[in-house]
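Participant: The structure is given below, and queries will be raised subsequently.
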Amino acid sequence: MNNINKNSQKDRPTYKDTLNLLQTNFGMRANATLREPELQAFWREKNIDFELGLNNTGETFTLHDGPPYANGTLHMGHALNKVLKDIINKFQTMKGKKVCYVPGWDCHGLPIELKVLQAMDKSQRAELTPIKLRKKAAAYAKKQVSQQMDGFKRWGVWGDWDQPYLSLDKKFEASQIKLFGEMVFKGYIYRGLKPVHWSPSSQTALAEAELEYPTGHTSKSIYVGFKVNQIPKRLTQEISKQAPDLINSEGKLKEVKLVIWTTTPWTIPANEAISVNQKLEYVIAQSSDRSLIIIANDLLDEVSKSVGINYEKRVLIKGSILDGIIYKHPLFDKISPVVLGGDYITTESGTGLVHTAPGHGVDDFNTGKKYNLSISCTVDAKGFLTKEAGKYEGLNVLKDANSVIISDLINSGSLLKEIPYEHRYPYDWRTKKPTIFRATEQWFASVEGFRDKALSAIEDVIWLPESGKNRINSMVRERGDWCISRQRTWGVPIPVFYEKNGQEILLNKETISHIADLFSVHGADIWWEYEVSELLPPSYLNQADRWQKGTDTMDVWFDSGSSWSSVISKKENLNYPADLYLEGSDQHRGWFQSSLLTSVAVNEHAPFKKVLTHGFALDENGRKMSKSLGNIIDPLVIINGGSNKKLDPAYGADVLRLWVSSVDYSADVPIGSNILKQISDVYRKVRNTSRYLLGNLYDFDYKIDSIDIANLPLLDKWMLNRTAEVIDEISDAYNNFEFSKFFQTIQNFCVVDLSNFYLDIAKDRLYVSSKSDFRRRSCQTVLSLVIEKISGLIAPVLCHMAEDIWQNIPYDLEEASVFQRGWPNVPKSWRNSSFNCHVTELRKLRAVINRMLESCRNNQALGSSLEASVRVDISDEKVQAAIEWLAESESNNVDVLRDWFLVSSLQIGGEPWAEVLVSEDNDYASVEIAKARGFKCERCWHYEIEMSKNPQHTNICKRCEKVVLAI
């Protein structure tokens with residue numbers, strides 16, 4: 001129906017200036033590269049960041065920082081870790097806890113030493129002394145710390161940046177020496193010859209945590225026959241019973257070979273015995289050419305296939321009967337025994353007979369000690385065979401030694417087969433090169449001495465996810481003693497003195513205490529700078545000529561593993577045990593374990609109450625990030641943008657933080673350009689919803705204009721109750737470290753509950769009503785309460801946006817910062833869950849109507865939903881009850897069903913309409929949509945039958961006329 005108002009189009013008044021349009025300085029775009037640093041400066045200026053948590057009066061909460069390594073640029077793993085920690089700390093701070101987060105750095109170790117050496121030419125290296133190297137390494141580490149610290153700050157991470165802990169600090173080194181001393185006094189530290197993981201490329205021993213196992217390593221595996229020289233009498237008797245034809249006329253067994261399998265041919269020269277399991281069943285088997293071998297019965301078929309020879313079983317014997325066989329070495333003129341090993345000898349692989357070189361394997365070493373075998377190390381620090389290997393001296397065990405030895409085994413008739421074998425093999429995590437087992441004199445922590453206490457302590461800790469407990473339990477249960485010495489310069493020295501002309505070691509309470517005191521004042525450099533006489537306590541000065549300093553340094557895992565001793569058990573406002581340790585899942589064998597072992601050894605309990613782990617950051621295709629794949633995502637590029645801003649836009653720190661909150665970090669997490677776009681979209685939705693709330697509060701002062709909660713319309717009361725539910729849900733999410741639930745809940749709240757429902761309905765109240773109308777003020781009351789809560793709820797994650805919102809709330813607030821307000825609480829008056837069932841039914845009906853209206857728009861039958869009239873026949877009791885519930889209220893023309901459905905008119909029941917655009921019947925209602933009757937109000941866009949009679953305003957409805965004339 002056409003509008004027949006008499007005013008010409010030219011003379012009609014415009015009503016834009018009479019509407020309450022949005023006004024706010026809170027931009028649609030974050031402009032994060034400029035705005036976020038401004039907000040960080042505001043926090044520093046007002047002492048709101050670290051100082052806020054420190055000045056809280058609640059109970060202390062301590063998240064102890066696992067120190068990142070002070071080398072290299074920050075990557076997505078750093079971002080995932082540090083942002084997770086910051087989310088937790090900010091949440092605990094807002095809850096009123098006393099939070100003192102002390103960030104730390106691991107500053108010693110080979111990678112830094114190598115960086116220093118790589119930056120020098122040959123002449124500089126030739127002039128390099130240990131102390132010069134240490135000075136350069138310290139300077140390098142401190143520079144790296146400064147750069148990484150700047151990055152963490154830019155991410156919005158709060159912490160005691162003025163007083164971080166560094167493992168190179170004097171006090172830290174002194175505390176570490178004292179901890180080492182306490183373990184010495186308890187009998188948990190010893191020196192001994194043992195096979196350890198040795199890195200020829202680094203020329204130092206390595207701990208298990210310093211190893212990695214890349215895929216694709218292939219070894220030369222060999223089956224070797226060791227010719228039997230002599231057999232014990234009881235074995236001869238057993239053979240005579242089962243296969244007398246194998247005994248010759250002299251009563252001796254015909255030629256037979258013991259078959260072993262190994263993946264390290266270079267260890268054959270070091271063979272001292274062959275070990276068998278006395279519980280296993282072995283067999284003497286005969287080939288078609290009548291040659292005999294001894295092998296585990298269960299492995300005969302598999303070995304036959306591998307070597308390509310068919311064998312017939314002739315004699316079955318227990319492993320215990322093999323004890324005492326004497327065999328000849330296949331390469332040297334030497335005889336050795338068959339001995340009984342342990343349960344490490346199985347039939348899972350190999351032959352059931354284990355080539356035993358006590359200097360090159362832990363099980364071999366233990367068996368060697370048991371039988372008093374020679375424990376010789378045939379390899380030097382660089383990986384070359386020594387004179388103990390005879391004619392093979394000078395060959396490199398990782399290069400040419402294997403080929404030469406295999407060739408000689410072929411020539412001696414001892415090699416049955418060589419087969420390439422792909423398997424997990426330990427590599428040096430720093431140099432990315434293979435390691436070996438090598439027996440050397442090292443310092444060890446005797447884990448066996450406190451293993452049971454450590455396992456008990458694990459049970460007292462909450463592990464998240466729970467699988468972490470089983471993981472670390474099995475690691476501690478199965479691990480050997482901890483090799484804590486390293487043959488490097490850049491580290492904390494093991495404070496021991498060795499007798500120059502004897503075997504004695506000087507290491508006692510007096511010497512350790514004295515060294516610790518010296519380190520606390522001068523630092524560990526003095527171990528290299530001072531003479532022995534300057535390092536010994538006064539009572540030993542007359543013996544200075546007798547002693548010399550040790551040259552070993554401590555494993556860097558001992559450094560970081562002692563951080564609880566120098567940080568959380570020493571500094572004020574920190575808890576020991578810490579409330580939480582949070583690191584990557586690889587730290588079960590790293591920092592979690594080293595911290596656990598040192599704390600249990602000294603204090604018999606874990607240094608943490610709860611341990612939370614996260615996975616690794618991968619690319620969008622689930623691949624590990626690497627330069628070779630070209631798939632590295634740089635957190636700095638996420639924040640500031642790349643060289644091509646279209647490809648790599650500047651998202652800011654909050655989008656990075658929102659990504660962290662969005663993922664299931666208990667597993668490995670993907671990140672890439674597509675994911676960032678999705679996260680940015682969610683960020684924008686939260687921001688724009690917040691902007692809409694702020695923009696409608698420009699003329700609102702809560703103290704003056706707010707409406708009492710009890711007098712609010714039903715829709716508003718429902719909105720507050722829904723906000724209360726969201727606060728509960730998000731609080732639980734933060735408390736349980738389930739940040740992805742926060743992400744989902746806040747997104748759903750802003751988009752579904754606010755933008756698509758409450759605010760969609762509220763637009764008419766906000767824009768069209770007079771400024772001080774109850775319809776508008778009641779809605780503004782809700783908007784002000786909700787925006788304050790949203791600001792608080794997002795603050796731990798979207799800290800910059802939350803603060804920006806707070807600074808743009810147009811009325812006076814008692815707190816200068818959202819973080820000073822504290823965690824959002826829920827007033828009792830907000831809660832009324834009885835609304836939910838009715839609103840749910842009405843929203844269900846609203847969704848049907850919206851879908852039908854959308855269909856009309858798509859068919860170009862309608863433009864705005866206000867061009868429609870709706871008739872509904874209700875057939876469902878719940879929907880009918882909801883409509884009646886709303887009709888009973890209609891508070892000041894707010895709770896009107898047509899406004900909830902955003903149509904110009906609504907009819908419940910009555911006769912079906914003759915002319916409809918679309919209709920639908922479902923289980924709970926019959927819905928018809930038709931063109932609205934009447935005239936379109938040019939101010940509110942509703943269609944009304946009766947329009948203004950005022951000659952100046954004939955194009956607006958009577959409701960709008962009252963508002964306009966009152967202006």
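Cβ from N, Cα, C; glycine included.
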Participant: Any idea which of 13-23, 46-56, 68-78, 684-694 is down as motif ''HIGH' region' in Swiss-Prot?
Facilitator: 68-78
Participant: Which is it, of 229-233, 399-403, 624-628, that Swiss-Prot names as motif ''KMSKS' region'?
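Facilitator: Range annotated as motif ''KMSKS' region' by Swiss-Prot: 624-628.
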Participant: Excluding the flanking five residues on each side, which residues at least 6 beyond the ends of the motif ''KMSKS' region' (624-628) place their CB within less than 8 Å of a CB in that stretch?
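Facilitator: Long-range Cβ neighbours of the motif ''KMSKS' region' (624-628): 75-76, 616-618.
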Participant: Taking DSSP as the reference, which of helix, strand or coil describes CYS960 (Zn(2+) binding site)?
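Facilitator: SS state of CYS960 (Zn(2+) binding site) = helix.
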Participant: So among CYS937, CYS940, CYS960, all listed as binding-site residues, which is physically nearest to GLU583 (L-isoleucyl-5'-AMP binding site)? Use the C-alpha atoms.
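Facilitator: Comparing Cα positions, the candidate nearest GLU583 (L-isoleucyl-5'-AMP binding site) turns out to be CYS940.
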Participant: Rounded to the nearest angstrom, how far is the Cα of LYS627 (ATP binding site) from the Cα of CYS940 (Zn(2+) binding site)?
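Facilitator: Between the alpha carbons of CYS940 (Zn(2+) binding site) and LYS627 (ATP binding site) there are 59 Å.
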Participant: How many whole Å apart are the CA atoms of CYS957 (Zn(2+) binding site) and LYS627 (ATP binding site)?
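Facilitator: With distance taken Cα to Cα, LYS627 (ATP binding site) is 67 Å from CYS957 (Zn(2+) binding site).
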Participant: As a test of the contact definition, list every same-chain residue at least 6 positions from LYS627 (ATP binding site) whose Cβ is closer than 8 Å to its Cβ.
Facilitator: none
